[in-house]
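Presented below is the structure to which this report refers.
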Amino acid sequence: MAYHVHALSSSSPNSTSTMATQGFQFNHTMYRVKDYKKSLDFYTRIMGMSLLDTHEGGDFTLFFLAFDKPGVNETAEEKKAGKFSREGILELTYNHGTEKEEGDVYSNGNSDPGRGFGHIAITVPDIKAACEYFESQGVNWKKRLTDGKMKNIAFILDPDNYWIEIVESKLRL
């Protein structure tokens, strides 16, 4: 016999889950990065994310980043302690020495070989203002608002050429 429960959360107000999956949430995605200094600068200074935690693993280092929770003033220790109980975390994995390698070290998932992974997306309150901001920061673009058929989304590139979709939070498809 299957039991169904309506689970209400801020991320999906009308989702349905079984008892077995109640409380599950999407916690993080991981990118391998060539030069962690460039990536941390991009995601903290340009994207506005906070560094929640760093983990040294011998020949690699993990960096956990996320946007601050609206209306919540957490200490660095609270952010670190709560990293596995929140949603929307980006984990950057730096394999020591990759910054010395020539060219792209990792596939971004959007070209052959290695096509598969596509992009992450962030929502913004005003997409035109966000795109103007990204332009002022000198980001690399994959698709500007004026490009292509879809004039309501944009794509920027991070230092490893991973695609980041920019979507206005009030967008309805």
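Cβ atoms are placed via backbone N, Cα and C, with glycine included.
Sequence annotations record features per position, and here TrEMBL assigns active site, proton donor/acceptor to Glu165. Other C-beta atoms found within 10 angstroms of the C-beta of Glu165 (active site, proton donor/acceptor) number 16, with every protein chain shown included.
Within 10 Å of the C-beta atom of Glu91 (Zn(2+) binding site) sit 19 other C-beta atoms, taking all shown protein chains into account. If you look up TrEMBL, you'll see Glu91, His119, Glu165 marked as Zn(2+) binding site.
In terms of DSSP helix, strand and coil, the domain 'VOC' (25-169) has 30 helix, 48 strand, 67 coil. Here TrEMBL flags 25-169 as domain 'VOC'.
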Including all protein chains displayed, how many Cβ atoms other than that of His119 (Zn(2+) binding site) lie within 10 Å of its Cβ? 15
